[in-house]
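Just below is one structure, and these are the notes that go with it.
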Amino acid sequence: TMPSIFSYQSAEVDWCEGNFEHSAVIAEYYNTVNATTSFSLLPLAPLHCPVLAGAGVGSDFRLSLLLAGLFSVYFHMTLSYVGQLLDELSILWTLAVAYSFWLPKTYFPRCIKSRKHFFWFTGITTVVSTLMSFVKPAVNAYALNCIAFHLLYLMWRELKKCNDKRVHRMAAVMVVWWVLAISSWISDRWLCGLWQAVSFPYLHSFWHVLIAIALLYCLPLVIYFDVRNEMSSFKPKLGYWPSDSWPVVVPYIALEEPLKQC
């Protein structure tokens, strides 16, 4: 008989960390703990520009991030088939929300004439992708990671139009964190035997924290470019909380006098 889709270890994916080594109810202990840590960092995401807060965009995106974090914790805790799909599909829909709100209009397909039409296009595409994800769930994570290359391409296109060294520096820091994160993910997936041989099968747990830090740098950049492209009456400026001089900071966006040039 087929195992229940809610049963422990019914997922198609099992990460390198040993199962139930530290807890009788948590399948992957360190992956679960670090997934919890990473989604607890995401509410720090600096989405509360006055304009964005007024539009409700920040709240919507925070909710999608929160759900993605909770489902990731559930997946690593149970390694269930339902947990795997919830984890992957919540990321897909979070990306869909981000594209819907923040993709500059200059990158819309030629047949799309307005943001409203793009919402429909993104929604339909996401629904189709959701249905396709049930065909071979083990492939979903690779497909989702490939979307990062498109995001990096868009970031590069926007950076070419901006001479602000502070923006370029933050983008470089974001890429470093992303490279560390994806390297941890790939190493855990493809070199599991090596890491088990040296008794360190925990790189996927590092992925959760590293990608959360990368997002803390990525999101202000996305908002910076969105304000610059869509809200010409504002001048976006990158800042760091609590201070530029601190070794560990949270970047944010401030809105200043009207934008004259980048």
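Heads up, the Cβ atoms here are built off N, Cα and C, so glycines get one too.
Lifted from TrEMBL, the feature list:
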type: BINDING; residues: Asp14, Trp15, Glu17, Asn19, Glu28; note: Ca(2+) binding site
type: TRANSMEM; residues: 63-83; note: transmembrane segment
type: BINDING; residues: His76, His204, His208; note: Zn(2+) binding site
type: TRANSMEM; residues: 89-106; note: transmembrane segment
type: TRANSMEM; residues: 118-135; note: transmembrane segment
type: TRANSMEM; residues: 141-156; note: transmembrane segment
type: TRANSMEM; residues: 168-186; note: transmembrane segment
type: TRANSMEM; residues: 206-227; note: transmembrane segment
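Cα to Cα, Glu17 (Ca(2+) binding site) and His208 (Zn(2+) binding site) are separated by 14 Å. Outside the transmembrane segment (141-156), and at least 6 residues removed from its termini, the chain residues within Cβ reach (under 8 Å) are 13, 88, 91-92, 95, 103-104, 107, 171, 175, 178, 182, 185, 218, 221.
Nonlocal intrachain contacts for the transmembrane segment (89-106), taken as residues 6+ away from its ends with a CB within less than 8 angstroms of a stretch CB, comprise 57, 60-61, 64-65, 67-68, 71-72, 115, 118-119, 122-123, 125-126, 129-130, 133, 140, 144, 147, 154, 158, 222-223, 225-226, 229-230.
Among the binding-site residues His76, His204, His208, the ones whose Cα is located within 10 Å of the Cα of Asp14 (Ca(2+) binding site) are His76. Sequence-distant neighbours of Glu28 (Ca(2+) binding site) (same chain, 6+ apart, CB under 8 A from its CB) are Trp15, Glu17, Asn19, His76, Met77, Leu79, His204, Ser205. Counted within 10 Å of its Cβ, the other Cβ atoms near Glu17 (Ca(2+) binding site) come to 24, all protein chains included.
In this view, His76 (Zn(2+) binding site) is surrounded by 28 other Cβ atoms within 10 Å of its Cβ, with every protein chain counted.
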